[in-house]
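To start, the structure itself, in structure tokens.
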Amino acid sequence: MCGIVGIIGTDPVSDRLFEGLKRLEYRGYDSAGIATIVDGRIDRRRAKGKLANLAERLREEPLPGTVGIAHTRWATHGAPTTGNAHPHATDEVAIVHNGIIENFRPLRQELEARGRTLTSETDSEVVAHLVSEAIEAGKHPREAVAAVLPRLHGAFAIAMLFPRYPDLIIGARQGAPLTVGYGEGENFLGSDAHALASLTQRIAYLDEGDWAVVERDSVQIYDRDNAPVERPIVHSGASAALVDKGNHRHFMQKEIYEQPMVVAQTLKSYLRPLEEQVALPDMAFDLAGIERVAIIACGTASYVGMIGKYWIEQFARLPVEVDVASEFRYRDPVLLPGTLGIVVSQSGETADTLAALRHMKQANVTTAGIINVPTSSMAREVDLLLPTHAGPEIGVASTKAFTCQLSVMAALAVNLARAKGRLSAADEAEIVRHLIEAPAALNEALAHDAEIEAMAHTVAAARDVLYLGRGPDYPLALEGALKLKEISYIHAEGYASGEMKHGPIALIDDNVPLIVLAPSGPLFDKTVSNMKEAQARGAQVVLISDADGIASAGEDAVATIEMPRVHPLIAPLVYAVPVQLLAYHVAVAKGTDVDQPRNLAKSVTVE
Ligand code: G6P
């Protein structure tokens, strides 16, 4: 999960390549590099760490050249060092690579047996050497690439330049996205439309197995059988403006605060307030024919799937299975006729979720996707796209995408329930009224920010933290623990309240804060009983509930965070706010890198 940009132009390219990398930093930020052709030779600047280090390197030693490729890396094979940073090069070729060459070991052994010296620990460098060998043997780069691509197993997007052939760059894709951008007298390659947004709006998405020879005035795309093919040139619509933090200290904070607005925007396209109905985009299949649901996602999006299970089973009475995408495909799931396969993804590019989607499509399962990036691979491949309108999410830890995904999941659950004849018009109207209230309730939740900031120190000092919830608030407990782990590096676990006495209660002592998510409602008393069991053993409870809940159960808590009183349906959306703010303030108190936490990437495009 790295980012790629390539430019073949007539003006110097390194500034524009660097600008493209800034847009791709969400894919990885442990090292970066640029290669261009200077006086018939490859010249490179590479730097370990964030892009600022590469910028410094370029300031020290500017990089001329009108043909270039660039890369921002999230290390898979080989530590994040300057030596492992891309581009990798020989005298004949420089390459940047996103993905994993799964057979790199035998290829490397084969190359070394032929006397070649590889200088990095990466899987990617073998590609440079294989292509280089073919060119050294007299092949044109086009033929060299055509000969090497079938030898590579795994998922990859690659861009290459050739110092003896300065009039072309070549890109190839298999299992990782790559787009071609069309300019005036110059052309581009990029991991996504967003990377190319300030260079061009005219782009073509390469299909699986495609590769492209990109010259200044022409682009020729080939399919996996090396037959010339045309791919439609479309208007990307990606915004050229770089998103900024506004008045906020971090993107994550800004994105938490955007939630009332983006949830309202998202719900607007799914609710008909006058008719008090929920509506989905037009679809080519009948929801009434759906007999069961499989929801697949990774990370935060998978908790949306778990909450969706509660809602779809409750309202539509359809059985729902939820899988993390990395487990789904390899356990050979039973996919019966009548299944609706739903993928949930902010980026629409997460490799495991995309692979799960393709697995379901191959099994003739009807698919829907709750996706934030409308130009993404998943958005283009699902049968029914259910967009979230969260706007670009920059902070690595997902926040506003989560609440927007929940909003769409609620709309989908209601539609399924109506299609299955399980929901009266009056019940639907009531749900619509509650959903309409969600943005205002999110605003009320945000109003408690200062209190949360004030009590964050009780959590910041802890080594372990437990989160408890029941029903749809159980996945939210998992999300709370994930948020805290991701950005504050404190070990945290989420548990279903009733499960606590089956193990985690053994961890309880007065150094382990217990964050209890307990909105008033049918499950409140049960959760409070579990909380009391922990308090009896010395647990330091932080109770997140509404005024009634705090009045009846908050007296022994070390801290309480008051939420507005909301219908249980929208409680997971509203209670997401304190969970996010708590993680945020703890991370700020600890001084960690909130927007780009160590070892993580926003979009995980490798398995
Ligand atoms: C990464 C991100 C998470 C995100 C997950 C799934 O792990 O750091 O914030 O929830 O990927 O990403 P997706 O784009 O598929 O929602």
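Note that Cβ sites are derived from N, Cα and C of the backbone, with glycine treated the same way.
As annotated by TrEMBL, domain 'Glutamine amidotransferase type-2' applies to 2-217.
Spatially close to C2 (active site, nucleophile) yet at least six residues away along the chain are R27, G28, H71, T72, R73, W74, H86, V96, H97, N98, S191, T605, judged by Cβ distances under 8 angstroms. A coil conformation is recorded for C2 (active site, nucleophile) in the three-state DSSP classification, outside any helix or strand. The active site, nucleophile annotation in TrEMBL covers C2.
Taken from TrEMBL, the feature domain 'SIS' applies to 283-422 (among others).
Residues annotated as domain 'SIS' in TrEMBL: 455-597 (among others).
The active site, for Fru-6P isomerization activity annotation in TrEMBL covers K602. Other Cβ atoms within 10 Å of the Cβ of K602 (active site, for Fru-6P isomerization activity) number 24 in total over all chains.
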Next item on the list: Sort K602 (active site, for Fru-6P isomerization activity) into helix, strand or coil using the DSSP assignment.
Entry: coil
Note to self: Suppose you look only at the domain 'Glutamine amidotransferase type-2' (2-217); what would the mean pLDDT be?
What the structure shows: 95
